[in-house]
Amino acid sequence: MYSYLLPEFTVKRLEDRCIRCRVCERQCANQVHEYDGELDRLFTTEEACVGCQRCVVLCPTNALHVQPRTADYRPNCSWTRDKLQNLKKQAETGGVVLTGSGNDRPYRIYWDHLVLNASQVTNPSIDPLREPMELKTFLGKKPDTLQVTYDNDGLPRLESGLHPNVPISTPLVFSAMSLGAISYPAYKSLATAAREFGTLFNTGEGGLPAHMREEFGVSAIVQCASGRFGVDPEYLNSARIIEIKIGQGAKPGIGGHLPGEKVSADIARTRMIPQGTDALSPAPQHDIYSIEDLSMLIYALKETTNYEKPVSVKIAAVHNVAAIASGIVRAGADIVAIDGIRGGTGAAPLATRDNVGIPMELALAAVDKRLRDEGIRHKCSILAAGGIRCSTDAIKAIALGADAVYIGTAALVAMGCTLCHKCYTGKCNWGICTQNPYLTKRLNPEIATRKLVNLLKSWSHEIQELLGGMGINAIESLRGNRDHLRGVGLEAWELDVLGVKGAGE
Amino acid sequence: MLVQKYFPSERMVPEKDMDACGLFGVMNISGRRFGGEMAINAIKNMKVRGSGLGGGFAIYGLYPEYKDYYALHIMFQNQNLRAKHEVEAFLKEHFYVVYDEEIPTNPEINVFFPPIVWRYFVAPQKKSEDQTVTDDEYVVNKVMYLNTCVEDAYVFSSGKDVGVFKGVGFPEEIADYFMLDKLYQGYIWTVHSRFPTNTPGWWGGAHPFNILDWTVVHNGEISSYGTNRRYLEMFNYYCTLHTDTEVLAYAVDLLLRRQKLPIELVARIFAPPMWETIERMDKDQRELYTALRMTYAPLLMNGPFTVIIAHHNEMVGLTDRIRLRPITAGAKGDLVFLSSEEASIRAVCPDLELAWTPPGGEPVVVRLHSRDHLLSLNKSI
């Protein structure tokens, strides 16, 4: 506990409602609530509260209210509460201020400034309740053309060979969240939901436990990151897609951080590291110092998997992302994943998370345009990640040029996460971002799976409704179709980068 | 290949035209040439499908005496003679012009701001650096240059033994203006009547659209226009007219002429079967159709359309995958008809032997000396 630091939250207990059941005390891993038997009273240590709302939700009499404590220091637009608190923390420890989850700074969210089109008169809208509305998407490299021959019966036959492509039933894919960063029940729920719905989950850089490979490999994107945790030929061959993780939207320029406290026996085995050691991935991949090195790793992975699996390269959206993406495609990648400034993480330095990278919307538009200018857009699929909050964010990303989107934070919220940003402490009261067995058993994988499947289902339905409204009955006809977007409240340069007309233009 | 028009941003690309239309096509499958009476009367019968803002005809077997030369029909807007001089200097530099003349018109017919329309019969005059380019590719390049880089000049058509006549007006007025029924014969006639909903119409914007001997007449509003246009740009097709029809015409050129795919499969690219249907096919066909949809996903023409595509020896009718715009086929003897409405076929051929409505995505392929068009009859609705 820091000295002279004001609490971030106020915990209010309505004494006349409290029945001293002590649920709050048991549920709080931060030890905010403490029961005094002699006085028959619950006391609170507000300084420890992270505002995760677990106790509030579980209190049977609604006796608890946890609210941000904002109006305490003298208001100051420059020296805000956050800035003061961080200075005090640094003064006390000399360390780097850590945080978890995604960027919460008020950078412009372009999704909220883009509106969608609908058909009126000159072409009919299509009713998804009565007509087919297709969301099937293929991830991988597409050829320029196909060769077809006719057999003796006069039937056409495919002559050309194809690059490996992976079909997904909806353009929504769970993004990389490693076992270690998240709990086994959370990880397993993502895998089960992806398999059930016919889409994919991403193992992150923490490997895929051997016992899960046979059942869930068919729905897995496995990562090969700079720490190479858990990477061996069997791991690579068990998966559907292999992803080389170069960067992450929440912390461009640095590697993954898994504190030793979270490295339990199972995680140590999967990651192939000693139990209890910090798993700190190097900032770069030490065998990739240039684009030709990347190409060598791409082809090494393809060789290992007999050219049967698409290879994805995930990068953080940074200033010259378009040129980098073009290099990645030319280096032989089948998929480019772009993670924007609002992408989440289990642990990152606050300075990096909040200040490095660019919004995904702009990055995506720039990448899509660059690849088209160079005539190579079809040679890869684009996966957009970082701050996709709802189905309309997803559909707008597809209209800007993405093939599919990665959803991470949204999936965590579906399982119970309340975005308290304390993932790095390993004390997640919701059992998602912790390895403490007392906490992880709170997350029932069957219930969490249902919630995730429902999330995919409801977003898919909403995407179908919106597509039908635009008079489109297959998702591929919206891909890169910026005619169906208009900007509201954006400046000319922003519209230019997005390649979208202003509303009324 | 073609000439890119530079836009600093995608958002500067002009809005596309929208229109609804009437279509008609007739072909004699034994190749016998006939006059324009049927085409003109049929489209007149569908007057309500047009608004007098665009009409046009494509005729195959038009210039048998010049059938070895590319016939360029070029219009010059705003009576711009400077454009004509510029075009002619360009033609002289890049082609051998064997004959040229003004296309005769009837001065008694009143039409909206008629341009000067001239025809040139030409053969490529290739420089050494062009020797590796095929004649067709060479002509396409030059036509695109004229269309994008010479103000007020626009090439109506550029094929051999084929010509397009079009303009602002009802199609029967355009026919009268160019005296089509009196002067010309052909073995395929396609015709279009236009009902634009957001532009006043200009002579170049009328259908049919043409590249070499390929012509397209089209009715519909393609909701996937942005996706289609941006994919075609990767293959160096730059849409200068900003109509749905233009993307269809370029997609036809890319798939049929450059990639040499059979029309039956190109129809499945424009209007593919549902995934559900593909999953029920046998293994080989499933593989083929999955590959087609996956590879050519950006060329799925989504939204309502009917199109009649023609080139020498072939006329093809197709409607979108869920048949949001109608097409009807008819046949009598050697004559095969395609039309937006059955009534207009019956109006010009009262003793029709067959009339059928193909389902969405099922092409009617009318071929010279063949009965392939009857393949769609079995699947008709």
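Any Cβ shown, glycine's included, is placed from N, Cα and C.
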> Looking at TrEMBL, A:Cys18, A:Cys21, A:Cys24 are annotated for [4Fe-4S] cluster 1. Which of A:Cys59, A:Cys77, A:Cys224 sits in that same site?
Replying inline: A:Cys59
>> Over the span of the domain '4Fe-4S ferredoxin-type' (A:40-69), how high is the average pLDDT in this prediction?
In response: 96
> When you scan the chain for residues with a C-beta under 8 Å from the domain '4Fe-4S ferredoxin-type' (A:9-38), skipping those not six or more beyond its ends, what do you find?
Replying inline: 44-46, 48-51, 54-55, 58-69, 427-429, 434, 436, 438-439
> Restricting the comparison to the binding-site residues A:Cys18, A:Cys21, A:Cys24, which residue's C-alpha is spatially nearest the C-alpha of A:Cys55 ([4Fe-4S] cluster 2 binding site)?
Replying inline: A:Cys24
> If one measures from the C-alpha of A:Cys24 ([4Fe-4S] cluster 1 binding site) to the C-alpha of A:Cys52 ([4Fe-4S] cluster 2 binding site), what distance in angstrom results, rounded to a whole number?
Replying inline: 12
> A:Cys21, A:Cys24, A:Cys49, A:Cys55, A:Cys59: which of these binding-site residues has the sparsest Cβ neighbourhood within 10 Å?
Replying inline: A:Cys21
>> Applying a 10 Å Cβ distance cut-off over all chains shown, what neighbour count does A:Cys18 ([4Fe-4S] cluster 1 binding site) have?
In response: 16
> At the Cα level, what's the spacing in Å between A:Cys59 ([4Fe-4S] cluster 1 binding site) and A:Cys49 ([4Fe-4S] cluster 2 binding site), rounded?
Replying inline: 16
> Could you give the Cα-Cα distance between A:Cys28 ([4Fe-4S] cluster 2 binding site) and A:Cys21 ([4Fe-4S] cluster 1 binding site), in whole Å?
Replying inline: 14
> Per DSSP, to which secondary structure element type does A:Cys52 ([4Fe-4S] cluster 2 binding site) belong, with helix, strand and coil as the options?
Replying inline: coil
>> Suppose the [4Fe-4S] cluster 1 site is A:Cys18, A:Cys21, A:Cys24, A:Cys59. Which further residues of the same chain have a Cβ inside 8 angstroms of that site's Cβ centroid?
In response: A:Arg13, A:Ile19, A:Arg20, A:Arg22, A:Val23, A:His33, A:Leu42, A:Cys55, A:Pro60, A:Thr61, A:Ala63, A:Leu64
